[in-house]
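Take a look at the structure below.
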Amino acid sequence: MSRYQCPDCQYIYDENKGEPHEGFHPNTSWNDIPKDWACPDCAVRDKVDFIFLADSPSKETQLGVNSQLANSESGISDATPTGMAVLAAELVIPLNQENKNEGCAAKTEVLDQASTPQVVRKSSTRKKMRNK
């Protein structure tokens, strides 16, 4: 079954779901919808303006994804975008925390070393010039 999207409001007609409010039962083919049918959200009149998106996932595909999720330890398959994001976050967050702690200590030391001697040098230079 296929899906079609309205170009104005992005409403999606899914043949698997149909549009019960419009009188189209689930599994109503796009070809069975009258040509003068209007988008239920924004009333675009021309059915031909709708954009073909793709075939809807079949029940077999959905079952395959569900079993893949059930078999993974975390409940999120590593092959999905969400799974990849979770993996990346697990790797990056500890590194960032270590770098932040090291960076703060290093910056504090540099500031302490740079600011204190400069003040002393300027004041000692002024004192020497006054004494002459």
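Note: Cβ is positioned from N, Cα and C throughout, glycine not excepted.
As annotated in Swiss-Prot, region 'Disordered' covers the listed stretch 108-132 rather than the other ranges in 8-32, 108-132.
Its Cβ taken as reference, CYS9 (Fe cation binding site) is surrounded by 13 other Cβ atoms within 10 Å in the chains shown. Neighbour list (CYS39 (Fe cation binding site), Cβ cut-off 8 Å, at least 6 residues apart, same chain): CYS6, ASP8, CYS9, TYR11, PHE50.
Once Cβ contacts within 10 Å are tallied over all protein chains shown, the binding-site residues CYS6, CYS42 are led by CYS6.
Note: the Fe cation site is recorded as CYS6, CYS9, CYS39, CYS42; in the same chain, PRO7, ASP8, GLN10, TYR11, PRO40, ASP41, ALA43, VAL44 also have Cβ atoms within 8 Å of that site's Cβ centroid.
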